[in-house]
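Notes for the one structure printed next.
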Amino acid sequence: MALWPLLNSGMLVRTGHTVLTWGITLVLFLHDTELRQWEEQGELFLPLTFLLLVLGSLLLYLAVSLMDPGYVTAQPQPQEEPKEEQTAMVPQAIPLRRCRYCLVLQPLRARHCRECRRCVRRYDHHCPWMENCVGERNHPLFVAYLALQLVVLLWGLYLAWSGLQFFQPWGLWLRSTGLLFTTFLLLSFFALVVSLLLASHLYLVARNTTTWEFISSHRIAYLRQRTSNPFDRGPTRNLAHFFCGWPSGPWETLWAEEEEEGSSQVV
């Protein structure tokens with residue numbers, strides 16, 4: 001019963017996004033844009049490419065919004081015996097805590113999401129446009145979605161501009177171009193928002209931090225007493241780990257390495 005309102009709102013948001021996506025695409029095909037001109041001239045390569053990009057962005061959106069973002073399970077999973085060097089590297093008092101809402105033991109960088117009512121590993125933020133959290137499992141796909149969506153929006157913006165006719169009487173212009181101009185304004189707004197989101201997330205990924213950690217570092221137990229980010233290993237390694245999973249390893253290990261380096265510098 002408690003999950004039904006969440007699922008219902010998620011279905012509404014995803015349906016709205018899908019309808020808006022194909023509605024804008026239809027407007028670009030129905031008006032006298034370059035997209036329609038290519039189609040009428042039999043040059044189908046670019047229209048088909050545009051449609052495939054739109055479809056790809058929509059599939060990525062649905063994948064990110066529907067997949068498990070990295071929920072923390074209450075039952076601990078069986079793990080292999082840790083190697084001796086890893087055991088020596090991890091300190092005895094890593095600042096883990098039990099969630100006061102769902103009562104699971106939170107791994108490092110996890111946070112409870114009140115909208116999803118679950119704890120999420122490497123929590124970044126809860127995205128209302130997707131009605132899902134962005135966390136450890138779906139964050140790379142989220143960034144890929146933003147990149148592809150920006151390409152589609154910029155191309156759509158160009159196509160909408162190509163169909164605008166400005167030298168017409170006001171009444172005739174409103175009837176013939178009003179809907180296309182509204183589409184142009186929507187695409188401009190969405191392109192600006194997605195550009196800012198993509199730039200900010202690439203910046204955070206290059207520093208191996210999350211939106212939540214960046215905003216609330218002064219309130220997070222494992223960050224507030226640090227002068228630097230303990231998970232930062234340089235932009236190249238951070239990006240490689242984020243998109244390719246290399247080098248792999250638990251966040252506790254990175255935190256412990258930084259702790260060990262800090263202790264040695266103090267000594």
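Note that Cβ sites are derived from N, Cα and C of the backbone, with glycine treated the same way.
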From the topology recorded by Swiss-Prot, do Arg36 and Trp173 fall on the same side of the membrane? yes
Same chain only, sequence gap of 6 or more: which residues have a CB within under 8 Å of the CB of Cys127 (active site, S-palmitoyl cysteine intermediate)? Ser65, Cys133, Val134, Phe142
Mean of pLDDT values spanning the topological domain 'Lumenal' (162-178): 82
What are the DSSP helix, strand and coil residue counts for the domain 'DHHC' (97-147)? 9 helix, 16 strand, 26 coil
